[in-house]
Amino acid sequence: MDLGSFQTNSSVSCRLASQIPDVCRTEDCCLGIDEAGRGPVLGPMVYGICFCPISMKEELKALKVADSKTLTEAERENLFEKVDGASSYVGWALQVLSPNTISTSMLQRTKYNLNALSHDTAIGLVQYALDNGVQLKEIFVDTVGPADKYEDKLSKLFPGIDVTVRPKADSLFPVVSAASICAKVARDRIVKGWNFSEDLGDVNPEYGSGYPGDPKTKAWLLKYLDPVFGFPQFVRFSWSTAQTLLDSKGVTVHWDDDEEDGEKAAQRQNNKSMLSYFSAPAGGNNQNPTHQTHRFFTERRLKSLDTL
């Protein structure tokens, strides 16, 4: 698993994938979907898929894959090596969603919540498998939101494929367990080897579980909170824990336009509003002898208009 592309620029998301086994392009296949790192305030969320021929489900089960949350880090690493080593019939792909991607998505003007982001990421991974020739006939998914609605959504998007969405699917279907392990191993490695682009000196690695309720995590957030620039990109700044700390410990910024019209605010401070530069003077006479028009406008014979 080569994480180099993400570690080079951890502010954006990236996709990692194994080779597609030849048998997956000729035989009917099943595919499992799961994620790792949905809840933490630190680090990325990683979505994973794993796929193999339906005829080889028992071989995958024989690898003794299990829900990654029930395994130790060493056990997950060992099982990932087994899954990755079964490359003659097992393939996998991951989408790494950076903390920056998650937070900017959730805080953009048109709200894009974590469930919608999760759905779209999972759909993108399924489409990736199809585009690469994997003969999908069955999809098993660990649910995000109401299982029946998610199942109906995926069934409509991928007609002809039998879709099963269940809570705790990673403990019910080995192909989902394998996806869970791939995702969790990738997230653990990324978090452990995070390359801080900010100048923070020797960063304390003792940040606890990364979950908002962990005292160690809160202490780490407080230590590396810059009162002006906020948190390093390792932090999901859209999480309420991060926002609360920033509100209480960060420098207060007052935006006049939050409370009054921009022109009124400018007048109160004896400044000109930006809008004043785009409006013609009263009476329609826009020839101001003290104002020299920039050559950009004169060369193009552009003039101000007060009527259309």
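Yeah, the Cβs are placed from backbone N, Cα and C, and that goes for glycine too.
Packing around D142 (divalent metal cation binding site) is summarised by its Cβ count: 25 other Cβ atoms lie within 10 angstroms of its Cβ, all protein chains included. Here TrEMBL flags D34, E35, D142 as divalent metal cation binding site.
If you look up TrEMBL, you'll see 28-251 marked as domain 'RNase H type-2'.
Fewest Cβ neighbours within 10 Å among the binding-site residues D34, E35: this applies to E35. Note: the divalent metal cation site is recorded as D34, E35, D142; in the same chain, I33, A36, Y47, G48, V141, V144, A169, D170, V176, A179, S180, A183 also have Cβ atoms within 8 Å of that site's Cβ centroid.
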